[in-house]
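Reviewing the structure listed below.
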Amino acid sequence: MHEKYKKQLLILTGMSGAGKTVAAHSLEDVGYFVVDNLPPELLGNFWDLMNTSEDFEKVAVVIDLRVKSFYKDLIDEINSLEDSGQTQATIVFLEASDDTLVARYKETRRLPPLAENGRLLDGIRDERRILTPVRNRSNYILDTSKMTTKELKQKLQSKFGELHKPKFGIEVMSFGFKYGMPIDADIVMDVRFLPNPFYIPELRPFTGLDKRVFNYVMDKDETKVFYGKLLDLLLTAIPGYIDEGKEKLTIAIGCTGGQHRSVSIAQQLARDLSEKYPVDITHREISRYLRK
């Protein structure tokens with residue numbers, strides 16, 4: 001990227017079906033403000049607008065053959081922008097082999113922009129020919145034929161994400177099944193099989209935040225065995241979630257009402273996981289049981 005300019009402009013372009021949508025999301029994840037499908041003739045006005053704001057230091061624009069007169073207008077607009085001294089654009093061009101693009105289009109049941117009468121290969125070849133001038137002008141050319149989505153994301157983020165590294169965090173949530181499962185949970189553990197303080201009259205009014213309830217749940221032999229295995233499982237799985245680029249992992253622990261067992265387990269889990277990761281804890285049902 002060009003360090004002399006305060007704001008960075010990246011133009012993401014290339015063959016339809018080569019992975020521009022994945023690439024755009026990947027750039028958003030490392031701090032870029034991304035605009036999709038911008039007509040080339042608006043590039044100059046768009047950049048003027050970006051320069052009026054202090055909020056956007058890294059900007060990416062996706063431009064491809066969904067807009068007409070692409071090959072001519074885009075190069076002209078980039079040249080005009082650079083000649084004015086406002087910025088030095090970095091052009092990233094994504095491509096893939098004909099066979100790969102045909103396979104991807106068949107999988108999605110869509111057609112390339114220039115395919116007429118459903119002729120996939122002709123449309124792909126016409127697009128490749130029209131985009132040649134832009135490809136020749138590009139700073140980076142990525143062939144995604146043999147890349148997985150994860151590999152493309154990692155390659156782009158390692159190249160253009162040096163100013164911003166996504167932070168990983170965990171939310172541990174207790175809840176009650178009787179009030180519905182949390183729809184945003186990544187991992188749900190059902191602890192309704194553990195001994196229930198609800199049936200101990202002197203513990204029933206309290207929650208897992210109370211030391212007596214917590215100790216009752218956590219000191220049971222079956223809880224110790226289960227919890228040890230749960231913690232081992234999560235410590236094994238979490239690095240995989242991080243490698244996949246996940247920024248927030250929500251672990252939900254559920255019991256019947258979200259009062260005793262799930263709260264106790266969630267408390268201990270948050271405490272242990274916080275030794276390695278940033279952790280927030282939420283007790284979804286706790287307000288139902290706090291003594292007024």
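For all residues, glycine too, the Cβ spot is worked out from N, Cα and C.
Here Swiss-Prot flags GLY14, MET15, SER16, GLY17, ALA18, GLY19, LYS20, THR21 as ATP binding site. Taken from Swiss-Prot, the feature GTP binding site covers ASP64, LEU65, ARG66, VAL67.
Looking only at Cα atoms, GLY19 (ATP binding site) sits nearest to ASP64 among the binding-site residues ASP64, LEU65, ARG66. In the three-state DSSP reading, GLY17 (ATP binding site) counts as coil. Surrounding the centroid of the Cβ atoms of GLY14, MET15, SER16, GLY17, ALA18, GLY19, LYS20, THR21, where the record places ATP, the chain contributes additional residues within 8 Å, namely ALA23, ASP64, LEU94, GLU95, ALA96, THR144. Secondary structure from DSSP puts LEU65 (GTP binding site) in coil. The Cβ of LEU65 (GTP binding site) has SER16, PRO113, LEU114, GLU127, ILE130, LEU131 as same-chain neighbours under 8 Å, each 6 or more residues away in sequence. Note: the Cα of THR21 (ATP binding site) and the Cα of ASP64 (GTP binding site) are spaced 11 Å from each other. Residue pair GLY14 (ATP binding site) / ASP64 (GTP binding site) shows a Cα separation of 6 Å. Sequence-distant contacts (6 or more apart, same chain, Cβ under 8 Å) of LYS20 (ATP binding site) comprise LEU12, THR13, GLY14, VAL62, ASP64, LEU94. The least crowded of the binding-site residues GLY14, GLY17, judged by other CB atoms within 10 A of its own CB, is GLY17. Cβ crowding, taken as the number of other Cβ atoms within 10 Å, peaks at SER16 among the binding-site residues SER16, THR21. Within its own chain, ALA18 (ATP binding site) has LEU94, GLU95, ALA96, LEU101, THR144 as residues 6 or more apart in sequence whose C-beta sits under 8 angstroms from its own.
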